[in-house]
Amino acid sequence: MSTTSTDDEADLSCGGDGTETRIPKRKRRKVAIIFAFCGVGYQGMQRNPGAKTIEGELEEALFHAGAVPETERGKPKLYDFARSARTDKGVSAVGQVVSGRFYVDPPGFVDRLNANLPDQIKVFGYKHVTRSFSSKKFCDRRRYVYLIPVFALDPITHRDREAVMASLGSGEEYVKCFECSERGRKNKIPGVLGNCKVNNFDTRTEIKSEALSSKLPNGENSLSSVDVEVARRIQEDGCKQESAEKMNGEGNEMAETKSTFCYGEKEKERFSRILSYYVGSYNFHNFTTRMKADDPAANRNIISFTANTVINLDGVDFIKCEVIGRSFMLHQIRKMMGLAVAIMRNCAPESLIQTAFSKDVNITVPMAPEVGLYLDECFFTSYNTNFEDSHDQVSMEAYREEAEAFKLKHIYSHIGSAERKYGSVALWLHSLNYRNYPDLNYGRNGHNTEQVLVYKKVDETQGITEPEQVSKQNDENAQVTTSIETRTLA
């Protein structure tokens, strides 16, 4: 509850003639502060003792700017501090809003704040609000944006090891991922041993000649970058020396071939349909952590979820996915995106989203990386309507241009460079398989499905194989592109 005991301050000082002069009172004001930040290097928004957080930086800046007295330093409850949204580790924000009772006089409060903040946190301005205002309770809706690379929706890029091995002998073989080779991940590149061209998102990949001319113990040419087990499978499948020689001669040409996948109307229609399954009021207990299905807090309402725009950052095309909801739980948006991407890559049926909303179903869904997510804007529609005649409107409208410049300089540049240099999403895509997420196959059985053999596990101690079967849904939108043929490794 707000108190008034420290709302006013007045100091007496002695003038040159020995008389006392009264310094004008400094009044506390209830204000909403609108700011942006790039979340890289921070452990989230919320203050956490011992961790580097955005809130911790802001509280210190408020103290050094004179907005918070010494007696209340590090005690945000004493000045009614509230935030409109919490963000995960590494997640950024363009339109974050916090509120509290601060000393904003004399003029220049925003400049004083920014002078005490790092470059990746910027205050745009503040608005005078009612004494009862809380940026958390009065926020009607929150809009988040997730930038997902276009190549992430391509079913053939950055596949897991099992898919690489299962493809052998199918007529469209795949080898180690050249982009992720230094990170120890496997990817399938079609056409390496056949006549198909390479489908790859990175057109600047270089295949080193020495990697194309290494020798196996029997003297046959092969790829040094191919995993040993894959190389042995290639031998068993009867790959001939001329295939490798052909690859040696055409490797550089194939490396320059662009992926044929693009986010066209057909792909946009399918992805939009998948995202639309989230719209409405559902139980999202499977899209967060440590939440029971019967907890009322698991019920959330998604107002809209769209993916209509493609932007290019640092040479990589990204799809701008915008989701609007009243509130979100920990990791909810990242898990929603993770499952949607898995479905687009044919790793799970579209029906799995509706299945995940069931209270009696507990499954683990993939969680997309945090780097592409940012809080775009917080809305206070009801408050602005009720107090439009007496108080400032709490909105981003006056700061659009400044916010856009910050977003381009700090947030978009980080997202683009993180993918180009480190392959944040590319590495994550390698984990989308039934070994890491067996629940992606949940619900296929018993729904008029056809059993197909997708790969075999090798028992290293006994040298026997155990088939693992998954079902193939009779739906043109959920085709499992895996090979039926598998062989035991020698």
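Heads up, the Cβ atoms here are built off N, Cα and C, so glycines get one too.
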Candidate ranges 238-260, 468-490 [criterion: TrEMBL lists as region 'Disordered']: 468-490
CB contacts for TYR144 (substrate binding site) [other CB atoms within 10 A, all chains]: 25
Rounded Cα separation (Å) that holds between ASP88 (active site, nucleophile) and TYR144 (substrate binding site): 12
Cβ atoms near ASP88 (active site, nucleophile) (within 10 Å, other residues, all chains): 18
For the domain 'Pseudouridine synthase I TruA alpha/beta' (276-380), residues assigned helix / strand / coil by DSSP: 29 helix, 36 strand, 40 coil
Local confidence of the prediction over the domain 'Pseudouridine synthase I TruA alpha/beta' (276-380), expressed as mean pLDDT: 97
